[in-house]
Amino acid sequence: MNSKYLPLLATIVIFILAYAGCVAEYPNMLSTRVAGNLLTDNAFLGIAAVGMTFVIISGGIDLSIGSVIAFTGVFLAIILRDTSIHPLLAFALVLLITTIFGAGMGAIIHYLSMPPFIVTLAGMFLARGIAFVISIDSIPIEHDFYSRLSDLYWLMPGGGRLTLIGGVMLLVFAGGIVLAHRTRFGANVYAMGGGVQTAELMGVPVGRTTILIYALSGFLAGLSGIVFSIYTSAGYSLATVGVELDAIAAVVIGGTLLTGGAGFVGGTLIGILIQGLIQTYITFDGSLSSWWTKILIGLLLFAFILMQKGLLLLSRFNRRYV
Amino acid sequence: MISQIKASLFRLMPQLIALAVILLLNFIMFPQFFHLEIQNGRLYGSVIDVLNRGAPVALLSIGMTLVIATKGIDLSVGAVIAICGAVAAASIVAGYSLAYTLLLTIGVGLACGLWNGFLVAVLDIQPIIATLVLMVAGRGIAQLITEGMILTFNNDGLIFLGSGAFAALPMPVVIWVLAALVVILLVRRTALGMLVEAIGINRRASTLSGIQTPVLLIAVYALSGLCASIAGIIVSADIKGADANNAGLWLELDAILAVVVGGNSLLGGRFSIVGSLIGAMIIQSVNTGILLSGFPPEFNLVIKAIIVIVILVIQSPALQSATAFFQRRRGEGQMVHKEQAK
């Protein structure tokens, strides 16, 4: 058994155990309705977390995604209210903006050799600030195309609905898995996480890869913003504050090493589902308060960091004495 | 001693100039900016307001400077403010004495800092991640203490810390200036400051040369927690209540910003607490200036982001090595010139 798969395996086991525990208490939770809602409610977070997974595997961090999601929502709401542009065109436009925004941050990180933490922090201020400047009000989106999009779903057996946005998240995850494990770009990302200097000596185009990684994260944050605006039918500049933390937590719980170099896009999906499950359980229970979500996620985060640390020590120990 | 102060002032010249420029801009847009008056034995005026409103960030930046000097970062201070505010309010509402409340609150802040320090120094977890745990869980804990409500209180002693005055200065200003003086004397009149810098430059080498790295690291994070707890007391005393959701929200970012604007490198090593305090005042002057000038407050974040980017670009290692390169080239060119003149 490769110790590389241990964190992923632990995540999956925890998820199954937690779900089984929930079902034992509330048998209603074992239905495609709950599963469908789990996917729909966490769609925007999941899409953004895929981008975050790539960033973290490469050894970086992206704090700007929550602000970019809010910016996307406000931008779309304003454009659809004040102009007659078709939503699809607006989608393309906003994705272009967020991708360039991400690429710009990647370029600053690489060419000015500054820590990603502080660069994306500035990006976070900038995106949130621009969203504020565009509008400080919550703007409803009333467009026929939008209501059609949010009503699209595939009826699963058992009455559950796989909505369009839930489906988009699953597609993004599938795409992310292929990109990470089956392409040259994915291999480069892993190589950079293992050590930038080593990667450079191996012939990885470090500059281009860095820019592409943050551009991907920006693109997915934009897509996540579109999904979020379909989900809420509104754009609000104060929305999705702190989503980057949820995304980082999901990535870590999903078994990705925070020092970079190892991890799975698929694991992030499980990480998202665990977070969603905690929230669903609290909703089902009714008497527990929502702040337990934060405490539980914090505890899970801590447990997984400890486990990763233990695994690292174990592998070092093995290397020394085998 | 005087030459030391002169040297450090010279090193802080860019920050002082930036502060002067921003204050001047404020003065141009709002001519009453430097106007001071005494009412009820307390100074009033925009400058005092900047000092007063900047107190939480200034306090946080003291601890954050030392943490960053060890090449670390403390993301949890905002959450610690929320926890400590909640503890202070809950304890005073429960009828405990002011002294007990303050001791308890500061103790809780210390405990939070010790926890972070333990994760970083003993378990050897990256600082960003180690403090992220408390950042995520902290607001939940604070809400647990306040039971999801905004706890309000009416204790005059506690409220005095937030809005009272001592020697005509608002209490928050007195507190942060005192805290800064104590910490600066502690790290600069002993070898502690130098040892902290050594850890930031090379942790392994410092350990090998006999520095008690784990103890110092834990102490530095504990100090950061302590500063956050004092800031938490001030924040909740100011609004006479504890708001677990919003107290100290995003203040960690402002504190990190203050440290970076103050000319300290995020990569650790040499630090200046005075620089960070000037940084905190720069940020607060920008905030106050935007409010006074009648600009919509929405522009606040954009302007802040632009300032960060400009300062980061100036500080970036790549740009610095580039300027060093050009300076060397120019030096060589002059040498050639001289030789030709011979």
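Cβ coordinates are placed from backbone N, Cα and C, and glycine is handled just like the others.
The transmembrane segment annotation in TrEMBL covers B:12-30 (among others).
If you look up TrEMBL, you'll see B:50-68 (among others) marked as transmembrane segment.
Summarising the annotation, TrEMBL assigns transmembrane segment to B:75-96 (among others).
Under the heading transmembrane segment, TrEMBL lists B:102-121 (among others).
Marked as transmembrane segment by TrEMBL: B:128-146 (among others).
Under the heading transmembrane segment, TrEMBL lists B:158-187 (among others).
The annotation transmembrane segment is assigned in TrEMBL to B:208-235 (among others). Away from its own ends, the transmembrane segment (B:208-235) comes close to residues 55-56, 59-60, 62-64, 66-67, 69-70, 72, 74, 76-77, 80-85, 87-88, 102, 105-106, 108-114, 116-118, 120-122, 158, 161-162, 171-172, 175, 179, 183, 192, 195-196, 198-199, 247-248, 251 of its chain (Cβ-Cβ under 8 Å, at least six residues beyond either end).
Feature annotation from TrEMBL assigns transmembrane segment to B:247-267 (among others). Long-range neighbours of the transmembrane segment (B:247-267) within the same chain, counting only residues 6 or more positions beyond its ends whose Cβ lies under 8 Å from a Cβ of the stretch, are 11-12, 14-15, 18, 56-58, 60-61, 64-65, 68-69, 71, 73-82, 85-86, 135, 142, 200, 228, 231-232, 235-236, 274-280, 282-283, 304, 307-308, 311-312, 315, 317.
Taking Cβ pairs closer than 8 Å, the transmembrane segment (B:274-295) reaches residues 8, 11-12, 15-16, 18-19, 22-23, 25-26, 29-30, 33, 46, 49-51, 53-54, 57-58, 61-62, 64-65, 180, 184, 254-255, 257-264, 303-304, 307 in its own chain, all 6 or more past its ends. Sequence annotations record features per position, and here TrEMBL assigns transmembrane segment to B:274-295 (among others).
Feature annotation from TrEMBL assigns transmembrane segment to B:301-326 (among others).
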